[in-house]
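Working notes, beginning with the structure itself.
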Amino acid sequence: MSCGRTSRPTTSNRHSRISPTGRGALGDAETIAAAAPRKNADLPVRVASAAVMLAVAIGALIAGDPWLDLFIGAVVLVGFGELVRLVWKATPNLALRLGGIAFGVAYMGIAGLVMSRLPVPLVIGLVGTVICIDTFAYFTGRALGGPKIAPSISPSKTWAGLLGAIIGATLWLVIWVAAVRYPMTGSMLPQFDMIDMSQILFIGPLAAVCAQAGDFFESWLKRKAGEKDSSQLIPGHGGVFDRIDGMIPAALLAGALLGGAG
């Protein structure tokens, strides 16, 4: 948009046409800077919600059965309800809806069953793996940037982030396997006899890829449904499905590996 004289546009006028605000690059920078505090305004809420979720999860782990099974069951049921909601909004076709729901029953149900049957040390190992995958992927992706994996599905996911996820999963599993050996227990626990440190170099990357695939699946489903989050149940975090999207395929992987080993 031009202002004043109709002579050849000056540098400032050219900036005005480029910038939606009509204030040029400096104005855009000021707008972004002003938006940053608003973007982080919910940080205290996110931290508080994360603390509550962590406390409940740790409490369930310490309490053991039947509380741990009840906790896992509640998480699976709520997450499944959110998946059904997304599937219902993603397609008007009844057959596809029913197929998506049937898939969700198997996808989440088997993962929940695996989690409920794992001994507590294995649950800690699995949960820690997924936490490290998410954390390393986030910070590595932000620090290094680079090419996106699938920008049309999840614009924030980069190949650098996936590399960070692989490193994080592998490091955690090395620490965890060492912890369940002699220093922590006094003797090798029978259920860990099949775990060899060299296998971590295979399991870590595979777990990272599976967890990231679960994240992509939920992102794709939310885009199809036109939703930012699976729900607004957890302040600052969205829904339960948003929190366990990577945990589900990781649990399925654990079940496949342990079932094959057994």
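Every residue, even glycine, has its Cβ placed from backbone N, Cα and C.
Automated prediction, rather than curation, is the source of TrEMBL annotations.
Record features (TrEMBL):
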type: COMPBIAS; residues: 1-13; note: compositional bias 'Polar residues'
type: REGION; residues: 1-24; note: region 'Disordered'
type: TRANSMEM; residues: 47-64; note: transmembrane segment
type: TRANSMEM; residues: 70-88; note: transmembrane segment
type: TRANSMEM; residues: 95-114; note: transmembrane segment
type: TRANSMEM; residues: 120-139; note: transmembrane segment
type: TRANSMEM; residues: 159-179; note: transmembrane segment
type: TRANSMEM; residues: 199-217; note: transmembrane segment
Close approaches to the transmembrane segment (95-114) from elsewhere in its chain (Cβ under 8 angstroms; 6 or more beyond its ends): 72-73, 75-76, 79-80, 83-84, 87-88, 247-249, 251-252, 254-255
Long-range environment of the transmembrane segment (199-217) - Cβ separation under 8 angstroms, sequence gap at least 6: 129-130, 133-134, 137, 149-150, 153-154, 157, 162, 165-166, 168-174, 177, 245-250, 252-253, 257
